[in-house]
Amino acid sequence: MTQEMPPAAAAVVPAAPRTAGQPSLPRRILADRNGLIGVVLIGALALIALASLVHLGQDPLAQHQSGQLAGPSGAHWLGTDQFGRDIAARVAAGIFASLRVALVSVALATVIGGLLGVLSGFAGGILDAVVGRLTDVLFAFPATLLALALVAALGHGWFNTAVAIAVVYTPIFVRVARGPVLTVRESEYVRAGRVLGFSRSRLLFRHVLPNVSAPIAVQVALALSWAILTEAGLSFLGLGTQPPNPSLGLMVADSRNFFPDAWWTLLFPALAVVVAVVGLNLIGDGLRNALDPRTVRR
Amino acid sequence: MIEVTEAARHYRTSDGVVRAVDGVSFVVAEGETLGLVGESGCGKSTTAKLLVALERPTAGTILVDGIDVATARGAELRRLRRTIQLVFQDPYASLNPRRRIAATLAEVLAVHDLARGAAATRRVGELLEMVGLPASVGERYPHQLSGGQRQRVGIARALAVEPRVLVLDEPVSALDVSVRAEVMNLLVSLRASLGLTYLFISHDLGMVRHLCDRIAVMYLGKVVEAGGWRQVSDDPLHPYTRSLHDAVPVADPTVESGRSGRTLTGEVPDPAAPPPGCRFHPRCPIAEDRCRTTEPPLLAQPDGDRLVACHLV
Amino acid sequence: MSVLEIVDLHAVVATDGGELPVVRGISLSIDAGEIVGLVGESGSGKSFTALSVLGLLPDGARVSGGRILVDGEDLLSLRAAERRTRRGGTVAMIYQDPMTALNPLMTVGAQIAEGLRAHGVDGAEAKKRTLAAIEEVGLPRPERIARSYPHRLSGGQRQRVVIASALALRPKVLIADEPTTALDVTIQQQILALVDELRVAHDLAVLWITHDLGVVARIANRVAVMYAGRIAEAAPTRSLFAAPQHPYSAALLASIPSPTDTVRGPLPQIGGAPPDLTALPPGCPFEPRCAQREPGCAATEPDPVHRGDADTACFVPRERWTTAEEAG
């Protein structure tokens, strides 16, 4: 340089902010109070679900002739149902079934819907128009009715239930992904990348995707909680998990005839659903806060 | 270095055809700085986009170092990217918020196969030093920098490909007053040390006057006056340039109180329906009948290197 | 006499690291028919000062001390409901982005009339005064404008509508928060001329917040320059530009390219950055960047003193300044 920059010019960098060594994402979620509570709740449910897999407790299908509709006791911590089956074991297995359907359905919806949304938003044109109309059509059906119809058409089984729920949620992910992509695509840093000669795939995967991942991740947590409710709803209506397999929705449905006398038949499966939904929503809140780089500073 | 001939960029919208740039011609010699002045809707930002091939012209030709911007593809387009770069107005919006500064700069080097690994780290340090930033800035995220530092990073990123031309789109408008001087001085010293050619786009006549060799004034998609910096800024001929000169507040109460108090009436017309004849005539204080019907050509003036598009000068 | 008097105003913003002092003892008075320019860079506290006067500080921010007197009445001692009637009624505001001040779903006329009705003006009278207000800000065909939605108007027209709405209730004080920054220069010129006209017509006291020293030179009678939450210098406009009494004002003025330079050298820079408000130095906040600093400057923070025409918070009188930095 021909001309010396005055030393004081911009050489003064403000004191290193706390973000200098930014903690990892899981740490940031745990640092958020809502996120922490959510993770604890869902972690507990997941442990219970895993315990049911290895039959740590009772067999959820075994009928104990000695005590039908027996209250909580040392032998059956959460009591038994009308067939004398252990409610603790059935709730644990029901949680596993719910989480399995929720995870698989939301994974499908996220990958398919998210990809369609990102691609259609980034590419625009005909792809965007076609995807847009398709999502409009799917949105036109009431969600629960659509899921009901799909399960009826596909037949029973947990995977078919998951597919039905995935179809219902895919358009939500298309929209959640597409909106921010439209904003980010027009952002100046993407424009700067174009001027600098970055390829379209580099712009899409390195610059657009990371900046739209936050709303998608938040949506994943929320969709998981809805999926659990939907699965429970379908089972309640007799279209999800089939008896004698344990399911939270089915247990709530069965308890209708007994709960005035045997409250434990209703309370524990319903509680499991509530805890799952609240926990996932809290994780969604925590994610939202953790993923915004600007909130870290405050 | 830059040769723009009758370039036009029209957009089809629901309101009709918007003529953002409508037949603009200018030349910028190597090492020269041209200032492009005008208000919103005059087409100066669209001109910038045309030069860096963010948009393609709908008519006319644009040559940058001999490369035809309208048709450049593949290797030719890559050569264009390495010849001309853009510095944005808002340095915050133009940096990816999730990337550290060093990663942002290193990515440019990698994409153009200029440096990788340790060589890239060294080059990133050099680039930051070139714009007056310590190497430690590389470890920061954009939100951890001040406005002036961010704009220095924006300049460093543009310089990473070793371009010969920088298009500066309002590079100091978003900055605090005291920081503007720093960035302006940096631009002056980089121009001298790297032999850069600048196209400086601004609505701030004072900054344009400070940095540019020549100035072109745009109104509604057309150049209305162009000439040397002192000619255009101190002795404007076109009625629009004169109005602009009077409208810009100057940080000097003596000058300000000596103003005529005449204000330009009306607003810039819709570029989808430009007025017939001279586009400035509805607001022009001296318009005559022929101004309403015949569009004045951009003509050379007797005082040398100046062009004015007005029937009445 | 002064209509607006701000006395030793303090304001803080709550952050994770405690309360940040954003306004640190500001005193300022504005007479009827006077425009005072409040100049400062981002973070100087100029917007917080303005919002304090209106009682519209954002969440987490609060006035922590001082008085704000309008016609002798302390706004800070009023109850919320009374405060509301003063807002708009005696103190009005115009904004940088007129679109944010207008409801996109209401016609412009309905919005102005709504403001009037909220302050007790009844239907027919509100309508009449709405049209009069639109006409007064120089908009053609007031009936047509009144029936328009904000998005149908241009930026300049919108700003005029906001001004009409602000002045419809005949306030005594107008707070203008960079109302021309987003506008083109020829439109800015029109708005500046309009506000100046209205100031004369209604004897308005105007606090004009801006970072543009050119705008200040054009319309302000007096200028207050803010730095790190305090007023560094307050002076009549001509005096401040001719002979600034604070090194920060001097440096700010010097950093702007002069419209008459024939040789274009490097612009004088201030260098450094404003202090971190969480860790203010004990002395003058400008001392680390100051070209005129003396050994005592870092020890205690200077209080404003009267020097020449100005009140300046600086220990070092102009006569002792060393470099040629004082812009001429």
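Every residue gets a Cβ built from N, Cα and C, even glycine.
In TrEMBL this protein carries:
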type	residues	note
COMPBIAS	A:1-17	compositional bias 'Low complexity'
DOMAIN	A:95-284	domain 'ABC transmembrane type-1'
REGION	A:1-21	region 'Disordered'
TRANSMEM	A:35-56	transmembrane segment
TRANSMEM	A:101-127	transmembrane segment
TRANSMEM	A:134-152	transmembrane segment
TRANSMEM	A:158-177	transmembrane segment
TRANSMEM	A:208-229	transmembrane segment
TRANSMEM	A:262-284	transmembrane segment
### Task
May I ask you to check whether the transmembrane segment (A:134-152) and the transmembrane segment (A:158-177) make contact, with contact taken as at least three Cβ pairs under 8 Å and only pairs 6 or more apart in sequence counted?
yes
### Task
Residue list, the transmembrane segment (A:158-177) vs rest of chain: Cβ under 8 Å, 6 or more residues beyond ends.
97, 100-102, 104-106, 108-110, 112-118, 120-121, 131, 134-135, 138-139, 143, 146-147, 150-151, 212, 215-216, 219, 223, 226-227, 230-231, 234, 239-241
### Two-stretch contact, the transmembrane segment (A:262-284) and the transmembrane segment (A:101-127), at least three Cβ pairs under 8 Å
no
### Summary
Same-chain residues at least 6 beyond the ends of the transmembrane segment (A:208-229) with a Cβ under 8 Å from one of its Cβ atoms are 38, 98-99, 101-103, 105-106, 109-110, 114, 118, 122, 165, 169, 172-173, 176-177, 179-181, 184-185, 187, 190, 273, 276-281, 283-284, 287-288, 291-292
